[in-house]
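*Asks:* Handing you a structure now.
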């Protein structure tokens, strides 16, 4: 044979996803993967990973930047905010009142870094220091006030369909149900509830927290999520930049699979080849 598999050139098709944009509060993004800035071993790793991910939204913990917490000194200046949209978050806030104050600081921080029209805030109200599970009541209270103040609120919540709908009704720009506890790497443990949220939401659904590897990112997107926010799985990987690239590819793959529509799950096999003309089968009578 002149042509063998070993000699053949294989090309991986790169899908054109430019028309499939993510829109949040009237602003459009090409990438459906958001990343964070925490837990990296160095700023160099962080910058390389964010670049490899192709993300356009990066979340920043306002309190840690404001207080120059260890590992966050100079963080605000470490990235090119002309190319990346900042998503200030209220991590570290245990009450609605704290989260509202920190959200206001985050908006001012974004303005100082050149994003004058940035009203985005990732809302986190977490009084639980062990499991880092969000407070649904405090989150709703803070969201109501921040929406009144003109914020585009992206609330981090348990995968609670009723809470997600209530937050949508008060004017939140997205809902962000957790896949499993923050940093746990347990993957998607709330699949049924996330499906319900996706089916009923009229705002983007962003799965946030718990994703540990690329297959779980693809799984979340296959459920119909509009986007993902992934930090620990990238930052704490042995090779963060490579994991960031894997997560980016998985996000695209999962999105395409959701749009394509998977086959139904059946209890019995269905042959993919014709059942006529089998060896040993009698010819049809003419």
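From the backbone N, Cα and C atoms, a Cβ is placed for every residue, glycine too.
Quick paste from Swiss-Prot:
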- 122: active site, schiff-base intermediate with DXP (ACT_SITE)
- 183, 209, 210, 231, 232: 1-deoxy-D-xylulose 5-phosphate binding site (BINDING)
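Let's see these features in context: how buried, what's close, how far.
*Replies:* When secondary structure is read from DSSP and collapsed to three states, residue 122 (active site, schiff-base intermediate with DXP) falls in the strand class. Residues within less than 8 Å, Cβ to Cβ, of residue 122 (active site, schiff-base intermediate with DXP) and separated from it by at least 6 positions along the same chain comprise 59, 87, 88, 89, 90, 154, 155, 156, 176, 229.
Around residue 209 (1-deoxy-D-xylulose 5-phosphate binding site), the same-chain residues six or more apart in sequence whose CB sits under 8 Å from its CB are 156, 178, 179, 180, 181, 182, 183, 184, 229, listed in sequence order. In the three-state DSSP classification, residue 209 (1-deoxy-D-xylulose 5-phosphate binding site) falls within coil.
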*Asks:* Taking the centroid of the Cβ atoms of 183, 209, 210, 231, 232 (1-deoxy-D-xylulose 5-phosphate site), which other same-chain residues have Cβ within 8 Å of it?
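*Replies:* Output for this site, in sequence order: 181, 182, 184, 185, 208, 211, 230, 233.
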*Asks:* Below 8 Å Cβ to Cβ and six or more residues apart, same chain only. Which residues does that give for residue 210 (1-deoxy-D-xylulose 5-phosphate binding site)?
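*Replies:* Set apart from residue 210 (1-deoxy-D-xylulose 5-phosphate binding site) by at least 6 residues yet with Cβ under 8 Å, we have 178, 179, 180, 181, 182, 184, 185, 186, 187, 188, 189, 216.
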